Amino acid sequence: MENGSYTSYFILLGLFNHTRAHQVLFMMVLSIVLTSLFGNSLMILLIHWDHRLHTPMYFLLSQLSLMDVMLVSTTVPKMAADYLTGSKAISRAGCGAQIFFLPTLGGGECFLLAAMAYDRYAAVCHPLRYPTLMSWQLCLRMNLSCWLLGAADGLLQAVATLSFPYCGAHEIDHFFCETPVLVRLACADTSVFENAMYICCVLMLLVPFSLILSSYGLILAAVLHMRSTEARKKAFATCSSHVAVVGLFYGAAIFTYMRPKSHRSTNHDKVVSAFYTMFTPLLNPLIYSVKNSEVKGALTRCMGRCVALSRE
């Protein structure tokens, strides 16, 4: 089962203890997570159900919601089960699965947000050429590329992280298996891997982020040249939701993966990880539904149809 360097399981110390205050926090977090799962699932169903939302923009938004549902499902069920049962062990395979899915979904979301920025650029700056610049074929290719690039990063991180010897070190002071936290337990020189991971994070975060900034710089210039006040308002309303989501996601991701090692602390890692795995997925459907009249219209039509069916 185990020798001096092989560890068949790990112990996740978790996010909460069993004090009264932490029990209340746990219930609040659980409520937020359930709301997040409901909101993102509803967004996916609305986009699939309402033909008015069958456009590249909303297809990409449905993929963002799918990634958020999977991201929450990767970490929270295990955390909740551990807290309620007191069993904190996670197998090596289970830990590897979490390490794989988190970069897959997080990295995929980086590229997906860049694809969504390009979609808004094409719609605002070149509305007449939009069907050509953002064809369904291109949209599907970009979406597939986002998933594949994220999966490649996740696979590399999972294989490399679990290849290190851990010399019987079991306890992970976190609520899920995350590469930067787990690598600290390794009883081998991980500097080459950490440097490679840092470079990879720079590429996966800053390259898409630069594309997003460039897209919105061009969008802003185009909006300022619009003569119609109504057109300006519509363009700002369409893009402001995406800008808010980008700010939340990239802020948390850059803080987590691009801080110098000397500035890292376990408590900060837990808080930031909780933010981008639990709270950001909740905010995405709220931001897009509140700011978007088409989504609100689809929700109203869906509720009306449900009421009509219930009366039959």
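Even glycines carry a Cβ here, placed using N, Cα and C.
Going by Swiss-Prot topology annotations, T179 is found across the membrane from L309. For C95, the cysteine that Swiss-Prot lists as its disulphide partner among C177, C187, C200 is C177.
If you count C-beta pairs under 8 angstroms between the transmembrane segment (97-117) and each of 27-47, 56-76, 202-222, 235-255, 270-290, the highest count goes to 56-76. Confidence for the topological domain 'Cytoplasmic' (118-143), expressed as mean pLDDT, is 93. Its own atom aside, the Cβ of N17 (N-linked glycosylation site) has 12 Cβ atoms within 10 angstroms in the protein chains shown. Neighbour density around each Cβ, counted as other Cβ atoms within 10 Å, peaks among the disulfide-bonded residues C95, C177 at C177. Contact between the transmembrane segment (27-47) and the transmembrane segment (202-222) is not supported: fewer than 3 Cβ pairs lie under 8 Å, counting only residues 6 or more apart in sequence. When the stretches 144-164, 202-222, 270-290 are ranked by Cβ pairs under 8 Å to the transmembrane segment (56-76), first place goes to 270-290.
Beyond its flanks by at least six residues, the topological domain 'Cytoplasmic' (48-55) meets 62, 294-295, 297-298, 301-302 of its own chain at Cβ-Cβ distances under 8 Å.
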